[in-house]
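Structure first, commentary second.
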Amino acid sequence: MTIATASARARPSSLQYAKDLLLLAKPRLSGLVIVTSAGGLALAPGHVAPARAALTVLATAAVVGAANALNCWMEREIDARMRRTRDRPLPAGRVDPFTALGLGIMVPVFALPVLALVANPLTAALAFVALVTYVAVYTPMKQRSTLALLVGAVPGAIPPLMGWTAATGRLDAGGLALFALLFAWQLPHFLAVSIYLRDDYARGGLRVFSIVHGERTTRAWIAATAAALVPVSLLLVPLRVAGPSYGAVAAVLGVALAGYAFAGVGREGGRWARNFFLATILYLTLLFVALFLGAR
């Protein structure tokens, strides 16, 4: 079924349509942005008024949601070929492509000035960099090169840095360490996704790591990047973003995740990759809990 055919379906209810508009923003990804940007605000030195902090986080989430909507618009034909994504609002014909495009363009027009006013111009500039990198570089690059993994990790790691700069007004070692942590975490996380969704990505014509380099090589890179995550997560201690209790928890969690990654190097099939993907989510959740509880 083509997208044009799907668009001819009956108009959904107002509630369903509102839900579909929200789905364009990819709520799970936007939710992670809310948590990490709020985390950057909370961990940064100094005090930020609650109203200002809330507006900063909401404006950040709005920019990221708009980037996701533009990604959905650009990849609607690809999504229609993939089982995991073919029921998304655009390939299923429940939302008109021009609506998604309009939201993706107009929301940042309002959200970026809000960030500049309630936070500072530096934070708004970081949001703009994340938007452009995700939409104009990462999204088209997914069909051409496995380097899209590294490029896509940049906008994914910027939200906690935005939270930090919103509180401090500057780029410094503490904020960059938070950026490095989220950047490093995404590598084994999405490499695992490329294994257990390999067939679906192949249907979509996306050049993910497991398709180009093979599953065994991908598993080896999962182990290597999971191991690299351990020292990166510990950088927050000498930089005095977090205390020794966080360091102890981060070391245990990191070694456990890396051990699980190395145990999967010689395995076959997608089950382990799916379990490792879930393990990375648990790891990040527990790490942020420890980070908040062990902050200096």
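Every residue gets a Cβ built from N, Cα and C, even glycine.
For 29-49, 54-74, 98-118, 121-141, 147-167, 175-195, 221-241, 246-266, 275-295, the entry in Swiss-Prot reads transmembrane segment, with the evidence type sequence analysis.
Outside the transmembrane segment (98-118) by six or more residues, the chain places 21, 24, 52, 55-56, 59-60, 62-63, 65-67, 69-70, 72-73, 76, 89-90, 124, 127-128, 131, 135, 162, 166 with a CB less than 8 A from a CB of the stretch. Tertiary proximity for the transmembrane segment (275-295) is limited to same-chain residues at least six positions away from its ends with a CB under 8 Å from its CB atoms, namely 35-36, 39, 42-43, 185, 188-189, 192-193, 196, 222, 233, 236, 241-247, 249-250, 253-254, 256-257, 260-261, 264.
By number of Cβ pairs under 8 Å, the transmembrane segment (54-74) is matched best by 121-141 from the list 121-141, 147-167, 221-241, 246-266.
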